[in-house]
Amino acid sequence: MSDIQIAGLFVGALFFLILMRVPIGISLIAVSFGGLWSMFNWNIAWGSLGIVPYNFANSWVLSSIPAFLMMGFICYHTRLTQGLFSAAQTWLSGLPGGLAIASVFGCAGFAAVTGSSVACSAAMGKIAVPEMMRNRYSPELATGTIAAAGTIGALIPPSILMILYGIISRQSVSQLFLGGLVVGIITLAAYVLLIVVRVKLNPNLAPPVDGNRATRAEKIKALGQTWPVLLIVIGVFAGLFGGAFTPTEAGAIGALLSMIVAALYRTLTFRAIRMAVVETITTTAALLIIAVGASLLTRFLALSGIGDALSSSILAFGVSPVLIMIGVVVVYLLLGMMLEPVGAMLLTLPIVLPLVDETGYSLLWFGVVLVKLLEIGMITPPMGMNVFVIKGVVGNAVSLTAVFRGVFWFVVIDLLIVALLIAFPDIVLFLPRWMN
Amino acid sequence: MKVIGKLISGINGLASGIAGVLVIIMVVHVSADVTMRYVFERPLDATILYVSVFYMIAIAFLPLGLVEQKDSHIAVELLAERFPDRIQTALAFIATLVTAIVAAAVTVRTGQEALSKYAAGAYSIEAGGKILTWPSYFYLPIGFGMMAVVSVWKLIAMLTGRDSGLSMMKVEDPYLSEEKSNV
Amino acid sequence: QESLNFAYGYPESSAIGIAVADYKSAVEERSEGSLSVTGFPMSLLSLSETSPGVRDGLADVGFVLTPYLPAEYSTNLFLHELNLLITLAENPTGKEPLAYTGAMLEYTFNDCPECLAEYQAQNQVYTGGGVTPLYNLLCKDVQITSIEDLAGKRLRAGGAGFVRFAEKFGAQGVRLPVNEVYEGLDQGILDCAMNSAPELTNYNLHEVVTDITLAVPGGAFAGVASANVNADRWKAMTDAQREALLWGGAQITASTTWGFYTDDAVAIQNAKDKGINILEADAELAAAVKEFAREDLNIVSDLFRDTYGVERATEIRDEFQPILEKWYGLVADVETKEQLQQLYWDEVISKVDPASYAQ
Ligand code: NA
Ligand code: NA
């Protein structure tokens with residue numbers, strides 16, 4: 001059997017294990033181990049188990065994930081969030097699905113702070129999802145909205161993925177950021193539109209719009225109740241753009257700030273802290289074992305020589321630039337089902353960059369499209385890290401399947417956006433060009 | 001059964017208690033570093049090392065036993081939940097068995113690595129001097145080891161048909177419990 | 001035909017990616033096709049995983065950085081820490097990194113059995129090194145030419161030595177990973193980064209940097225074992241194959257060092273073209289930087305002897321200096337990568353016996 005066939009066989013086994021409800025992290029580790037063993041030998045497979053988990057978690061940048069989770073859990077358990085959504089409801093009372101729309105805007109705000117979409121979903125998940133569910137939003141819409149809106153986190157700068165792409169492809173990071181900003185805003189607008197349309201078409205998804213529009217006095221009063229969260233968000237923003245701390249440090253500052261604000265709000269009990277901490281560490285551990293497994297799988301796939309197979313399958317789509325790009329999109333959608341973005345990027349860029357270069361599309365444009373594609377992978381089954389974060393945050397109240405159902409329409413919209421970007425590359429390029 | 005279940009839950013509680021304290025220390029430590037750097041112009045030494053080695057590794061791996069105990073590992077129900085109950089029970093047994101084997105293997109391997117790091121006396125060179133890093137390697141065999149123990153114990157409970165005695169500590173929802181008290 | 005997987009934690013387009021491509025053709029040609037090499041940029045093993053990865057066979061050859069494992073590679077790391085000697089070169093020509101590379105190769109192969117034993121303990125065979133260009137101050141909206149300019153500045157410090165440098169001049173040494181330097185400078189968390197000029201391109205720093213002060217803090221990165229071979233694979237090979245790998249070692253050592261050396265000149269020229277100010281330290285600061293280097297060499301020797309277990313530290317330092325001086329002369333006429341490779345091969349690596357080395 002060739003290495004590629006072995007890889008295919010073990011990826012099939014991965015799908016099988018996951019569908020048989022074996023925990024995803026365990027499935028990934030088992031399959032990568034088995035794959036390395038059968039392709040090489042016991043020593044290599046056994047060695048990988050000792051090297052990857054420690055070195056993966058030993059990461060400064062990764063520390064923003066538990067920190068942002070902690071911030072969200074503290075805000076939630078000390079009830080700092082309760083004013084936020086009544087305010088959103090008052091202000092957006094004329095719009096169907098107002099809370100969901102407010103959440104998308106909230107996510108975009110967080111996106112400007114964090115560089116990763118997992119951190120974004122983590123922070124917003126606990127704040128927004130329970131509020132929506134208490135307000136009789138369908139669980140699928142509530143969870144799907146946040147999981148999808150989290151993907152905006154890597155599009156709107158700062159963005160870890162774009163920095164990494166800039167380093168590998170030697171493209172300007174600040175120009176990538178500008179292109180990402182445009183696509184992030186387009187995504188934001190498209191999500192809002194999608195929610196409005198879906199709720200109009202299916203009134204069961206969200207509570208009916210309040211007949212009486214809120215008065216101006218009511219609106220201002222509602223705004224007054226949002227001060228705890230506003231204080232935290234403004235504090236984090238001010239520090240970040242004032243040069244006081246990095247995006248990685250922002251999570252810790254946000255978590256500490258939320259504890260201080262909760263203390264001022266007089267809801268910071270020992271019990272609230274304990275519950276927030278337990279949820280933070282169990283969610284982090286549950287996510288990181290999957291990330292470790294995905295990282296192991298990336299090594300197995302790299303050694304299998306899947307790169308060459310990829311480039312030939314992309315070229316099989318034809319030789320015209322648009323067809324090659326469609327091939328690239330299909331390949332990344334498939335990869336996105338199983339790999340996390342950084343692994344997928346490291347694995348494929350050495351093969352894909354020269355291909356894209358030949359098509360005549362700009363590498364700057366491709367970086368933005370690639371981040372968008374990788375972020376779509378964050379919400380597609382079976383491996384959808386954002387979906388897992390939301391699942392981890394809401395616990396047993398909503399099934400994983402329901403969250404995946406909830407993101408379905410968002411994925412459809414995302415694919416339309418990608419098609420738009422391929423048809424009109426200038427959408428990505430006009431702002432970087434103009435700013436130069 | 002109960003005594004052993006309680007003992008296992010106790011060890012998991014202790015391990016994740018340590019991780020929980022470390023997550024708070026991490027938040028405070030990073031904030032202190034930012035404050036010292038920005039306000040007092042005297043940054044703390046080796047913050048990145050402490051965060052990535054001592055806090056992150058602990059937070060990532062020490063709670064694994066508790067996660068297994070609470071059935072909080074992320075899995076896909078999509079297909080499995082459509083099967084009849086008896087098949088679902090069998091699948092749950094197989095999934096737990098696979099978990100036990102994988103967790104045990106990772107425990108042994110990361111344990112070997114931890115012992116060799118201990119033997120080498122692994123350290124990091126920081127401005128303030130030598131900081132020993134080998135202890136952080138032991139978080140992995142502890143976390144994966146407890147995950148293996150819990151899953152083996154679950155298997156035994158399934159086979160004997162008795163209650164595992166593992167505590168399923170529930171996190172209360174502050175809003176929902178609030179509403180209940182109003183009823 | 002034996003196929004070898006080469007793992008390196010850098011992009012394919014970097015100086016190191018190009019050096020690995022040179023290694024591949026050198027080894028394949030020299031072995032007359034009995035060896036083939038496949039490069040894996042970043043995807044197979046990260047920088048910190050490369051040493052254990054080669055040890056366990058996940059890769060057959062790897063670009064290993066010794067500072068990631070100070071306990072395992074303390075003596076090798078000490079040779080790297082002596083890099084401040086470069087700053088003390090009496091008539092600097094810019095070719096000091098080329099000489100330092102040669103001196104390190106020679107010392108490691110010929111005079112440092114404990115260095116080779118450290119690699120052997122990690123199941124690896126050392127076949128080559130490599131050194132980056134001098135460290136500069138890459139600053140945003142800050143101009144540094146005098147001692148006073150440094151006071152109170154926030155400087156990115158990649159290691160303990162840089163923190164000592166910052167503290168010596170009343171600045172703050174801020175530890176940030178290199179991939180966060182861009183944002184650190186952009187957002188004003190850092191005033192300057194202590195990095196070599198090619199990082200301007202490698203990490204897109206030229207977008208944010210406005211001023212560069214050359215040769216402050218000085219020194220270079222030399223903690224490189226550029227082509228460590230898994231010892232089990234090595235032992236299973238024929239003498240001819242091993243000789244081809246040693247030839248490849250000379251190639252990658254030269255390619256890495258030469259790549260950095262030329263990138264340095266190009267990066268500084270590009271920076272000028274982009275309107276970035278290139279500054280020189282004034283006489284007082286230049287003298288203070290040398291003074292720091294002299295003091296720090298003593299501190300480092302004591303530290304490695306007393307704290308990091310390199311018993312021969314003082315002896316190694318004294319033995320190493322004349323070898324480095326000799327190499328300043330040897331590299332003086334080198335004008336091409338090919339000449340550099342031939343020099344490393346003739347002076348050092350050709351004298352290694354493929355039959356008995358690392359057995
Ligand atoms: Na962002
Ligand atoms: Na996915």
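Placed from the backbone N, Cα and C atoms, the Cβ positions cover glycine too.
According to TrEMBL, the feature transmembrane segment maps to residues A:347-368, out of the candidate ranges A:347-368, A:369-390. Long-range contacts of the transmembrane segment (A:7-37) within the same chain: residues 1, 44-45, 48-49, 286, 289-290, 292-294, 296-297, 299-301, 303-304, 306, 338, 382-383, 388, each at least 6 residues beyond the stretch ends and with a Cβ under 8 Å from a Cβ of the stretch. Contact counts against the transmembrane segment (A:347-368), taken as Cβ pairs under 8 Å, peak for A:314-335 among the stretches A:141-168, A:251-268, A:314-335, A:407-431.
Mean pLDDT for the domain 'TRAP C4-dicarboxylate transport system permease DctM subunit' (A:12-426) in the predicted structure: 84. Residues of the same chain lying 6 or more positions beyond the ends of the transmembrane segment (A:226-245) and with a Cβ under 8 Å from any Cβ of it are 71, 75, 80-81, 83-84, 87, 109, 112-113, 127, 253-254, 257-258, 261-262, 264-265. The stretch from A:57-76, A:251-268, A:314-335, A:407-431 with the most CB pairs below 8 A to the transmembrane segment (A:174-197) is A:407-431. Each of A:57-76, A:251-268, A:407-431 was scored by its Cβ pairs under 8 Å to the transmembrane segment (A:314-335), and the highest score goes to A:407-431.
Sequence-remote contacts of a segment are chain residues at least 6 beyond its ends whose Cβ falls under 8 Å from one of its Cβ atoms, and for the transmembrane segment (A:407-431) they are 144-145, 147-148, 151, 178-179, 181-183, 186-187, 190-191, 194, 198, 322, 325-326, 329, 361-362, 364-365, 368-369, 372-373, 375-376, 379-380, 384, 387.
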